[in-house]
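Asks: First the structure, which I've put down as structure tokens, then a few questions once you've had a look.
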Amino acid sequence: MLHHRTLALAAVAALGLTTAPVFAQAGDTITLGAAVSLTGKYSTNGGHTQKGYDLAVKKINDAGGVKVGGKTYKIEVRYYDDESTPARGAELAERLIQQDGIKFLLGPYSSGMTKAIAPVTEQHKVPMVEANGASRSLFTNNYKYLFAILSTSEKYLASAVTLAAENAEALGKKPSEMKVALAFENDNFSQDVRAGVLEDLKKNNMKVVIDDELPRDLNDMSATLTKVKALKPDMLVVSGHSKGAATAIRQLDQMQIHVPILAMTHCDAAGIIKKFGKAASYTLCGTQWAPSLTYSDKLFGTAADFAKEFDKAYGYEPPYQAAESAAAVEVYANAFERAGSLDPQKVRDALASTDMMTFYGAIKFDDTGKNIAKPMALYQVLDGKYEVVAPSKFAQTKAVVPAPTD
Amino acid sequence: MSDAHKKLAGRLAILAVGLAAPFLFPAYQSQMAELWLFVVFALTWDLAGGQMGYNSFGNVVFLGIGMYACVLTQVGLLYDIGIYNGARGGGSATFVFDLPHYLEGLALGLPVGALLAALAAAVLGAFVLGMRGHYFAICTLGLGVAAGEVANSWEWIGAGSGMVPPTPPQVIGDLSRFYYYFAFALAAVTFLVLGWLYRTRFGLAINAIRDDEDKAEAMGLQTTRIKVAAWVIAAVFLGVSGGILGNLKRFIDPIDTAFSGATFGVWMVLMAILGGKGTLWGPVIGAVLFEVIKEATWTYLLGWQRVALGLLIVIIVVFFPQGILGWLRERFPDRFGRRVEADLSGTAEETAR
Amino acid sequence: MLDNLLILVQAPTITVDLVLNGILVGAIFALAAYGMALVWGVMNIINIAQGEFVMLGGYVAVIMSAHGVHPLLAVPVAAVLLFGLGWLLYRTVIFRIVERDLFTSILATFGISIVLQQLMNTVFGGDVQVAQAHLGTLLLMGGMVTLAQIKLLSFALAAVLAVVLVLFLRRSRLGQAIRATAQNARAARVLGIDTDRVYAATFGLNAALCGACGALVAMAYTVHPYIGLPYTIRSFMIVIVAGLGNLAGVIAAGLSLGAAENVAGFVLGTQYQLAFVFLLLVVVLVWRNWRLARKRQYLK
């Protein structure tokens, strides 16, 4: 009998948990909810995301808050840690909505996590503005409550391929004679980038000689790079979040492999210039945003102003992940004011008709919820700095392609 | 009230609470569904770990196989799996599951998951269960990780991009509540079946293997066959729980959800030890307590929850290796004394038969 | 897979490159494995946190290089710091489980490994970190074989450490006490050896070895909080193949594992490299069990 009593006690204790505080729209604050990766493999980028949110929230509150229907509200964010696991993310989204009574969600970091959360927000009809889920598969499910302010991932390195094709002559080749090596992690985002790159390669008739996958807990990709050494491709494309970028640069340098064109994602998030100095030179990097772009808004000023402010607050130059996250909060603030109400349905409709300019770029959603107003940019590492080389409208300098041998 | 009546009343009370819980605490139903699955995890782990003395870190292999098998069956009945996963839950094609097909997929998927998991247990067990003690423990650890890595690279099942289980039709309503009842039913069945099993000769045999395998063998027990059978039974229930968990979580990540050695794989062990290894109620109590601790640390120790869980493992293993039930039994031997006798007479009957 | 094999056939120098680089990293595996064998043999504890000690050593190098200190200096510093940590862990946790069964030690050290992993993740974030040693690369065979000097250096350092360790165990009083305890703890106690101190020193020594390894890993490869488990598994596998207290065997097994892993990564694809390690473990264990079973049959 004692067993039953113990169990009953434990069950009571379990349900006792229900006394967790409820974070609804109490008083004069609007609470946004976010499950971000504070621990686990994405914790660095999760951190950038959180800091982006926090900076924007602070800035908006310092500027007086948000005016909704004649009343002024402060904004705050309720965070949970999804531990970089999608299943946990979905669970926490449910918890934010059901237990904490939160009516507006900010996105998590990475496409996988966003993909896991989107069905939950959809079921509960709670809008989510996300800034870090770029996988295009997010926008084919006819989601009505998902809004992404970033360009989709198949566009990440498309301009790098175009750039390579344009400069084929400098290598003494026709584009169709160019050999390309691909090394992509096997996750949503990277595989989408790969799909985009493959499409562009096909357009230019380039030949893929290596098509490797990278493991998720990567710390050695020398097997792939040995193949690069043997087959001498003209272009190497790498995408595996920050890990892939750092490992590739380190080992290319260590193995003394010269690739005429090296393109990758997450250069700035991985801090390759700071970590590897000269070894990172001439790398092409796809980016959502750069401090040198000429966008601006009232809240932060120009892109460069945002970078300065972020640096002051957190002690490092903001990677684009932080910038887009900050912009997501701005989008919400803008939608609240236009909706004139805190009804999730009305806010959703306001979000859908967003058409605004931010320091991060223009934001306007299409029917599927993705931002169609902002192009991707391409950096190149030149003299220890990231210089925008594409699109030509924002280019600070001409790309150096192919990379000189030394 | 006689003992039997008390027992029945207790069980009926649990049944009533279990059935009503989603309506009483609708906000917590996905956590409660997870809790019942944790009960299954702990109970099945204890079958080999506590009752038979074979401590496995690799039971997630069966969980993962059950999960993938179930969801793949659900999808495969209607669509081409390669295309479905190639679209990564999106793509240009749309995948609709209406009610009859959805239920049919589930009705077929869960048993298929159980079957494949059992098959895996039989095959792997034949190789692995010959090892003793710590070699077995570390070998299963390796198996769990290797299975995850393979699933993570297998394009057909979605690889590292994960797999989205079929979207249920609107009629199903609240997905968490729907699967809560599956989880609850599974936990109840697992508990009853294992409780019965431990009272049979088979239960005695696995206990004998735990206490002294060589002697058990000398007594004429077919130890290898018994060990494999025990693992297969554990795998059947784990396989079903995998199918439920996959659908409940709405997203299957090969390493974090399916073959999650670092989370579910270790938690199973921890829950069983926390409650009391080698008892029937211990794993149940351990699972409930663990879920409470886990949710509490997640809420109140944001960012440090995993550190706290690691510390918990160390503390439990070092200071409470006998678990809650074991501790209670040491502390109040008289309260358990009667039960032990009753159990003994029961088992004597069994042997006499 | 086949085309990868084809490359190996067409360009045999690539094979040389893979094998040599594998052997260089194998030295690090061997060193960590020797530490595991020491703890296992002396204290009857299987330390699952082995890889986490390696990871911590790596972070010591990362931090030092971030503060402008040359990371090569981190090798001794990491060894000293990790020795301290090992000692501390023994005095707080491990001494309670020394006399218990192996599974308890596996689970307890598993808990420790999770704590260390998550601690580093919380403090430094989950991303890769590196320490730059600013060394060049050796080119052989017309540039087809590239050996980073840091890898060569770490190989040499590992060798030196192994020699020092052997001398220490043979010659020093403490070393002799460790060996005596390994042979028979009770007899050692009767003879007046403070086995508790010996255990603490052994556990510290193991952590120090791993720390030194980790500093080398940070310079030659990359570190992040989750690199631990593969190192633990590799150590375990090497010890099983070589047997306890067999330094020559540990070195041979470590170097071969490094080479095999590198070639497998090339042929199967980088994404299967880890799966290869873990499956190899299962195969090794099954093989060992099968051999034992045959021996038992024989005796019958």
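Every residue, even glycine, has its Cβ placed from backbone N, Cα and C.
As annotated in TrEMBL:
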- B:12-29: transmembrane segment (TRANSMEM)
- B:35-54: transmembrane segment (TRANSMEM)
- B:61-85: transmembrane segment (TRANSMEM)
- B:105-128: transmembrane segment (TRANSMEM)
- B:135-158: transmembrane segment (TRANSMEM)
- B:178-198: transmembrane segment (TRANSMEM)
- B:228-245: transmembrane segment (TRANSMEM)
- B:257-274: transmembrane segment (TRANSMEM)
- B:307-328: transmembrane segment (TRANSMEM)
Asks: Using a Cβ cut-off under 8 Å, which residues of the same chain at least 6 positions beyond either end of the transmembrane segment (B:307-328) come close to it?
Replies: 266, 270, 272-277, 279, 281-282, 285-286, 289, 293-294, 297, 301, 335-336
Asks: Please identify the stretch among B:35-54, B:61-85, B:135-158 with the greatest number of Cβ pairs below 8 Å relative to the transmembrane segment (B:105-128).
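Replies: By the under-8 Å Cβ criterion, the transmembrane segment (B:105-128) pairs most with B:61-85.
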Asks: By a Cβ-Cβ criterion of under 8 Å, what residues six or more beyond either terminus of the transmembrane segment (B:228-245) are in contact with it?
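Replies: Sequence-distant neighbours of the transmembrane segment (B:228-245): 33-34, 37, 40-41, 43-45, 47-48, 51-52, 54, 56, 59, 62-71, 106, 109-111, 113-118, 120-122, 124-126, 129, 179, 182-183, 186, 189-190, 193, 197, 202, 206, 257-258.
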Asks: Determine which recorded stretch among B:35-54, B:61-85, B:135-158, B:257-274 has the most C-beta pairs below 8 angstroms with the transmembrane segment (B:178-198).
Replies: B:35-54
Asks: Which residues of the same chain, at least 6 past either end of the transmembrane segment (B:257-274), have a Cβ under 8 Å from a Cβ in it?
Replies: 38, 41-42, 44-46, 49-50, 55, 57-61, 63-64, 67-68, 141, 144-145, 147-148, 151, 162, 242, 245-246, 249, 251, 282-283, 285-287, 289-290, 294, 312-313, 316-317, 320-321, 323-324
Asks: Are there residues at least six beyond either end of the transmembrane segment (B:12-29) with Cβ under 8 Å to its Cβ atoms? List them, or say none.
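Replies: Residues 36, 174, 176-177, 180-181, 184, 188.
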Asks: Apart from its near flanks, which chain residues at least 6 from the ends of the transmembrane segment (B:61-85) lie with a Cβ under 8 angstroms of it?
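Replies: For the transmembrane segment (B:61-85), the sequence-distant neighbours (Cβ-Cβ under 8 Å, at least 6 residues beyond its ends) are 41, 91, 93, 95, 97, 101-102, 104-106, 108-110, 112-117, 120-121, 124, 140, 143-144, 147-148, 151, 155-158, 161, 163, 165-166, 234-235, 238-243, 245-247, 252, 254, 257-260, 264.
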Asks: Which residues of the chain, 6 or more past the ends of the transmembrane segment (B:135-158), have a CB below 8 A from one of its CBs?
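Replies: Non-local partners: 54-61, 64-65, 68, 72, 81-82, 85, 88, 124, 128-129, 252, 254-255, 258-261, 265.
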